[in-house]
């Protein structure tokens, strides 16, 4: 059997792809298509974040509605109504009560982490500059890489690190363009406090994203979103009552403000609902690299809505980030050992299958959009 037939069997390429086309050309076509899908899915998330940023800007600057906790509360309520109620009507082990009995405290911690990650980054805008927030928010990327390495056992190749460096260089180019055109930099009243808030928020975002990836791979997307909606709504409601009830009373309610809150909530709900789909197809690291373009989409919209000054460095930054994303997506990561030895989020039960007594195994289990990638190491089949 030739090598290409073996690759087709391993990766499960459709047989018709090899009819009438050279095998190498078909493999490249599938590879290129999957890579483009990976990059495009990440850009959908960036556009949703752009919508979140624009609605937040209008609320805070035009209507003086500084209500980040209330805005998060609306999103968690939507998640609760859609996904938590879905869990409540399910039967068996996937029922809401069954999940709460087994791992309620884990989701309680995750809900707190997710809520405070959102709050810290939004709060940082009151203290530090926009440029600092853009640069320091990139700290989420090394956090996700380290946590994925140690807890998900994901291993990266040199091209992945090259893609990450190129993406971060693109962000640095954007920050430099902001300085050159004199774009509004934020309050900057207590820069150190603001910078620490951004770093804290980025760290919590990284923890939340890696935990999310683990849950949707070992459990389910609906369970993750349902439990986040439950505990997020609970804790954000408490925080809203304690810290933000006075700000909420100051909001000059009218149909425009209501429409902005609806737009914000719709984008936020779409982001939370769609992100697990993209993470499962790619990875938490790939998603966070894709989100680096969100600030650029907001900027391009601001050229028309807020009359921002334009610089060619913005386009250079955008295409630099996209090149980094393509580099990162051009090959697949792999798992350091057999996935059966993972410490499960749930208590695993089932037969233990003995591995053959051979050299150390690194199976071809991949977590990027390109599907399974054939490695030189022996393959481990899990029944």
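Quick reminder: no glycine exception, Cβ is built from N, Cα and C everywhere.
Matching 255-275, 339-359 against TrEMBL, the residues noted as transmembrane segment span 255-275. TrEMBL lists transmembrane segment for one of the ranges 192-212, 360-380, namely 192-212. Looking at the stretches 1-22, 287-308, the one that TrEMBL records under the feature transmembrane segment is 287-308. Here the transmembrane segment (104-121) touches the transmembrane segment (224-243). Their Cβ atoms form 3 or more pairs under 8 Å, with each pair 6 or more residues apart. Taking residue pairs at least 6 apart in sequence, the transmembrane segment (74-92) and the transmembrane segment (161-180) share fewer than three C-beta contacts under 8 angstroms. Long-range contacts of the transmembrane segment (35-54) within the same chain: residues 263-264, 266-268, 270-271, 274-275, 277-278, 281-282, 286-287, 289-295, 297-298, 301, 305, 322, 325-326, 329-330, 368-370, each at least 6 residues beyond the stretch ends and with a Cβ under 8 Å from a Cβ of the stretch.
Listed as Cβ neighbours of the transmembrane segment (74-92) (distance under 8 Å, sequence separation of 6 or more from its ends, same chain) are residues 98-99, 115, 222-223, 225-230, 232-233, 236, 261, 264-265, 268-269, 272-273.
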